Structure formats: structure tokens, C-alpha cells
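Data first, discussion second: the structure below is written as C-alpha cells.
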Amino acid sequence: MYLIITEKDTAAKRIAAILSENKVKKVRYPKLGVETYEFTYNDDHTIVMGLSGHVVGIDFPNEYNNWQKNSARDLIDAEIVPITTNKKIVTALKVLGKKADIVTIATDYDREGELIGVEALTLVQSVNPDVKFNRALYSAITPKDITHAFDNLTTVNFDLADAGHAREVIDLVWGAALTRYISLCAGRLGKLFLSVGRVQSPTLALIVEREKEREAFIPVQYWEIEATLETKSKESFIAEYHTNRIFEKEIAERVYSNVIVGGDAKIKSIEAKQRKEKPPIPFNTTEFYVAANAVGISVNNAKRMYQTLYEAGFLSYPRTDSTIYPESLELRSLIEMFVGTEFDEYAKALLKIADKDGLKPTQGKKEDPAHPPIHPVAPAKRSDMKEDEWKIYELVVRRFFATFAGEAEWDTLRVEIDINTEDFKTNGSRLTNEGWRWYYPYNKPEDRVLPHLEEGDVLKITHKELFDKETQPPSRYGQGRLIRVMDDMGIGTKATRADIINKLVSRYYIHGNPLQPTNMAYSVIDTLEQYAPTIVKPDMTKQLEADMDKISEGQISESDVLKESREMLNSVFDDLEKNHEDIGRSLQSGLREDRIVGKCQRCGSDLSIRKSKKGARFIGCNGYPECDFSLPVPRTGQVVVTDKMCDEHQMYKIKIITEGKRPWELGCPQCNFIEWQKKLEEDEKNGIVAETSAERAKRIKKEKAAARAEREAKAANPTELSDIKGLGTASLQKLNDSGIMTLADLAGADAAQLARETGISSKNIEKWKEVL
DNA sequence: GCAAGGTC
């Protein structure tokens, strides 16, 4: 049997279709819980099976699980063991791998793909040591690329996989050791741990740096002056002072007084030009996020909806760096498929261009050997998807079209005007040839049409205005922009950047849109910058990339790189441990500051988030016990104190962050409390009696007791597997995977045999069978 | 309860 292993199911399906010339059979292995694609290829029974990315990983041995038992430093030289992260696929791989005579690794054509391939190969070899193997390399799943890859099979690049493995180890060791150290120092254990990592920490540092720049920013006052001018034919337009901004007050006052309403202005010169605007480059993941963000779709939503459309077969693979279409992509037929759809006129217009001059797509600078740029793969109707998904689909289709279209052309005018010896100017612009902007009408700058003007024209000043302004600090990062900066700096990957931002939000380091850091983030970044600067800088990734290149070229061994990395981390710990007390103090002050909500209106002390003896949290006055002012806070979720102040109560607005939910903008705690009381009063009027917290606790206790009683009753007289006492969801899944669906199935099964198949202890199985 | 990287 010939086994072909791909990185994901969709790749397996499409490669099988191409190699079999559509004579493929989808086979389900219910016991294994996987699907494969099978056919005859070169007279051999052939099975194509998809993985789900990495199905194995690495970790420390179990005895390191206790954070307090070992010192964080022990992790540096701790043993590293392989772990299974996807049991179903690992089992299936072994079962099928055992029967294989030859295996082709057909995972993605990049470093992680090589590592994923070697991981799979190692699993197959563990049950079939003599199996023959080779590697297929392809950049797009097109008939051309795939047949070429399978006609030119090559060898597995173990050095490249080693490079990937080195990255795994370094990330784990540095991340875990520093995370534990910082968390233990700050006394933040359990859910509140403070994470550190090669990618997340430099990303967080960017946000903290920007916030510091904003704080250090000193605004400078400046003025702008506009004059409204009218032509003889009574058409008006606005002219502004030639430098736009005026930083000296005396000049602003002089210019303003020289502009006399009712007086004359004279056109000094008119310069007409043409400006050409190149069409945009193809979307890669980063550019897609930025564009989706720009039309008001959050990075998370764009990611989720794109994934749906990819799985439905409408759009190409979502994670790619490439901004250059590979040659094997059939661009013309991708355009032709839109003839007769909503995009008919655009497709036809492009085909006309293609017939005349051939298709000349734009291209960016980045190539990704694993996947082509983002593009549509099937035509769709609006009714095929949700409204927001259509927005995404349309964006991708229009961008795809735009990459083949011509330049947009603008006529521009620059007019210089004399007003009483002061230099004024105005600019005009008009789109004369839509070009690619017809296909891609997003963020189109508006025309600025001026009346017909000629040199020497005398105009009437009908109005004047003086604007008093201040320079603005650099703006905070929006999510799309942050992802682009991460891409430019080379940190994270196309597949992980969005997740890294989510991680920083759920770790309570950043919040809001645009993004801003909590005080805790300041403290963590300050501490790391001082004592472990390596981990906060993008240079660590650059160095790692360089080392990985050397490993993959065989110039240096993986173990040498790891040894050097561990030595470096050990010297970082020398510094950390010397300054243990300082670090603890500075981290804890960050923690305290995040809890200050505002000033107490009764006594003027700080209000902060505190905990009662019973563990319930509330906003209390730091002047306690002299002042006992307090306000309630929701019982669950992370409380984030924002920098927006309620003008009425001098308190910062708060929001509640719960993982997996949208943040709850609670606003000013005092306003919220007042509203809540109003609602209570109204409820009382309407005869609705609110539950007190004691009543609530009682009710929950009662409900839990009732549920327990029901479970016990069922266990005494079970009707389905899940009724059996001690049989949890994990075991139920394992039983189902082995074909045990009902009580009768279990009764009829042999305990020892079933134990071998499922990995459940035979003692447990026998105990369950006893009840039946 | 630790990372970052795949994929869903």
C-alpha cells in the first residue's frame, strides 16, 4: 500500500482528486475517527491522509508541573519529552502506516511543514521501521504543480526539520522558564499568571513603547487659516495658508488680519499635472487583515469568516505570505468563472484586457513556496453566505480583479493665490480614468473639484476662519496596523499574529481598540527590558532565524544551537535572581495601579478594587476604616480600568473581560450603580422581587443538589452509557470510537479486549459492566 | 496554570 500524508484534510482531498483523475473514494474509519481518500495509482492501492498541523509536540515531564516545587531555572536544563496532541490522528497514522510499503510526505512546502512531515514519518517508522519514504514539494494544489511534484519526488530534509525542532525547544524553554519566574516573583499564580515569550513580549513592548511616547508627547500649539473665495460666476472654494500650519502666533495674527472679507484675492499661478496610481498587489494574510480592518471588520471577525469561506470552498487557503501569483495558477479561468455572476461586467472587462494585452498581474515582494496569494476559487451568490461573509468574499474578489487592472489616473491642480501679499494655495484633483479603482472602490479619495480658474483672475473673499489647534501624539496601534508592523519586524507568522494579539488581551495585558496597555504590561515590559532584554526584542527572532538557516544548511548542529541558547538563558537568570526583590516590588506596584479606579467623592482618597474577607470583590476607599464608601463590581471576569474618565464622578470607566466573550463596557461604576438601583426600584413597583445574593447562593445549592440526585437515580437504573457512574465524557468518546454506543454494546464486549482498544483500564470497564 | 507553531 502507498500512503501519502498531507498537512490538512483539504489538501489530502484535492491531491487525491488530481492524482486519481477524480476516481477517488472517500473512506471512513469509524473506529479510528478519520477519513481518507483512496484510489489506485501506478497499480498500487493508494491512501491519502490529512493531518491537522502538528499532531505531536514537546513538553517537560509531569514532575515539573508544580510551579512551586521546582525553581523556574530548573526548566532550562530539564528533560524534554514528546507528547501527543491529537490522539485520533496519531493512532490512525500508526494503523495505516503499519500497512504501508512506501510513504510520501506531502505536507506544506515550508519549515514547519518539513517538521510536521518528519513528525508523521517518525510515528509511521515506530510501527514500520523499514518503510520506504520520500517527499513531494508543491506550491499550489493545481494539476500542474501536483503532477510535477509526484513525477519528481525528492528526499525528506531532516536538517530543515531539525531547525524547526530547535525553534520549538527554544520557545518552550525560554517561554516557560521566564513565565514561571516572573509570575512567581509577582505572586500571580493560577489563572493570573504573567506570560512571557519570544513573540508576545516584543509585541507587547511595541504597544507599551507607543503609550510611553504618547505620555511623553508635548503638544505644540499651531494655527490654520482658511479663506473662502468666490469667482465672478459666483462659484466658491476654500484656500488655505501656503504652509498649512503656522507655529508663530504673531504670524498667524498678521496673516489673519491681512485677509479682509469683501476684499480681493489674485490667482498667481496654476499648475496642472497628471498623477498615476498603480493597482494594489495581491493579498497575503497580513494585507488582507489590513484591508478588512480598513472597511470596518475586526481582525478576529475577518479571520473567522474567511475560515468559513475557505472551508466552504469559495476562497483559497487563508494563511500565506505570498504576494506573487505562482505560474501554475490558472488566472484566466479564475476570472472566467465570474462571467454570468454578480461580477459579470468586471470579469468581462478584464477578459477584454486579457485578449488585447494578456494578463499582467501586479506583484509584491514576498514569495511563499507553500501557498499562493489569497484569491477566490469558486463563484458565489449573495444567498450562499451570511451578509458579513459576503463583504469578505466581495473584498477578496474585487482585490483579485484589481491586480490585473490598469492604473487609475488623476488630473491635479495646484493653485497659488495672493491675498494682500500673503501666500495662499489650494489643490484640486479629479479622477479621469478609474482604472483599477472601478474594480476595487474601497477607500477612494474624493474628487476635489475647483471652479474654472485662470492666472490673473481676481476673486472676492467672502469668508475667513482662524483655527487654533495642537499637534497630536502618535496614535495607538489598531489591530490591522499592529499585525503589519509585526510582519515588517519579522515576529510571529501569518498563522499566529492574530492569535498573539488575542492572547495579550486575554492575559489582561492590553485592551481597547485601538490597543492600549494595562499598568501590569508596563511593569512586565520594564522588568524584562532591564533584566532579560533578549526576550523583549525582535532581534531574538532574527538570531533564531539565522541559526535555523545554519542548521538547515548543515553548517551547525541543532544541539549546538540549543546548548548556546540554554547558556544564554542561564546568564539571564543570574541577573534575574540577583535582583529578585526589586523585580517583585516593581511588578506588584503595576498590579496595584491597575486597581485604582479614581478618587473617593466622600474623602478624596484613592478608590481601588479590593476583596472582602469572604473573597467577594468590590470598589472600596483606601481611606478605610475612616471612610467606608464602596461600590459593587460584577462577580466574574477580569476588571479592566480604562483611561476614559466619567466627568460627573471623576472615576475611570471600567470594562469586564471574559475569555471567549465580547468585552462588557460597563462604564463608570458610579453611573452603573445608580442605574442598577433605579432598575431595582422599578422592579419593586412592578412587583418583581429581586434575589439577594444569599438567596441566589441558596438557589444554586438547591439546583446542584437536584442535579446530583438525578445523576444518582440514573446511575442506579441506567438507560444509556452516559448514565453510568464514573463514566465521563472522555471515556464515552473512547468507547464510541471503538464502536460501543449502547449499554448492550458494553454488556456484550470483552473487558480485556476493550481495554486494549480504548486505553481505558480494564478495572474501570469491569466496574461499569457490574452495574448492567 | 507556562511558548509558538501548525490546523478547525
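Positions of Cβ are set from backbone N, Cα and C atoms, glycine also.
Record features, source TrEMBL:
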- A:1-139: domain 'Toprim' (DOMAIN)
- A:H54: site 'Interaction with DNA' (SITE)
- A:157-573: domain 'Topo IA-type catalytic' (DOMAIN)
- A:R167: site 'Interaction with DNA' (SITE)
- A:D171: site 'Interaction with DNA' (SITE)
- A:195-200: region 'Interaction with DNA' (REGION)
- A:Y317: active site, O-(5'-phospho-DNA)-tyrosine intermediate (ACT_SITE)
- A:R319: site 'Interaction with DNA' (SITE)
- A:360-380: region 'Disordered' (REGION)
- A:360-370: compositional bias 'Basic and acidic residues' (COMPBIAS)
- A:R507: site 'Interaction with DNA' (SITE)
- A:690-717: coiled coil (COILED)
Other CB atoms within 10 A, centred on A:D171 (site 'Interaction with DNA'): 15
Model confidence over the coiled coil (A:690-717) (mean pLDDT, whole number): 68
Distant-in-sequence neighbours of the region 'Disordered' (A:360-380), which means Cβ under 8 A and at least six residues beyond its ends: 108-110, 113, 137, 139-140, 278-285, 287-288, 313-326, 329, 331, 334, 337-338, 341, 343, 390, 393, 396-397, 399-400, 403-404
Residues of the region 'Interaction with DNA' (A:195-200) by DSSP state, where helix covers H, G and I: 1 helix, 0 strand, 5 coil
Top Cα neighbour of A:Y317 (active site, O-(5'-phospho-DNA)-tyrosine intermediate) in the set of recorded sites A:H54, A:R167, A:D171, A:R507: A:H54
Neighbour tally for A:R319 (site 'Interaction with DNA'), based on other Cβ positions within 10 Å of its Cβ: 19
Helix, strand and coil totals (DSSP H, G, I; E, B; other) for the compositional bias 'Basic and acidic residues' (A:360-370): 0 helix, 0 strand, 11 coil
Rounded distance in angstrom between the Cα atoms of A:D171 (site 'Interaction with DNA') and A:R507 (site 'Interaction with DNA'): 18
C-beta crowding around A:H54 (site 'Interaction with DNA'), within 10 angstroms: 17
Candidates A:H54, A:R167, A:R507 (recorded sites) - the one closest to A:R319 (site 'Interaction with DNA') by CA: A:H54
A:R507 (site 'Interaction with DNA') to A:R167 (site 'Interaction with DNA') - Cα separation in whole Å: 23
Whole-number Å value for how far A:R167 (site 'Interaction with DNA') lies from A:H54 (site 'Interaction with DNA') (Cα to Cα): 14
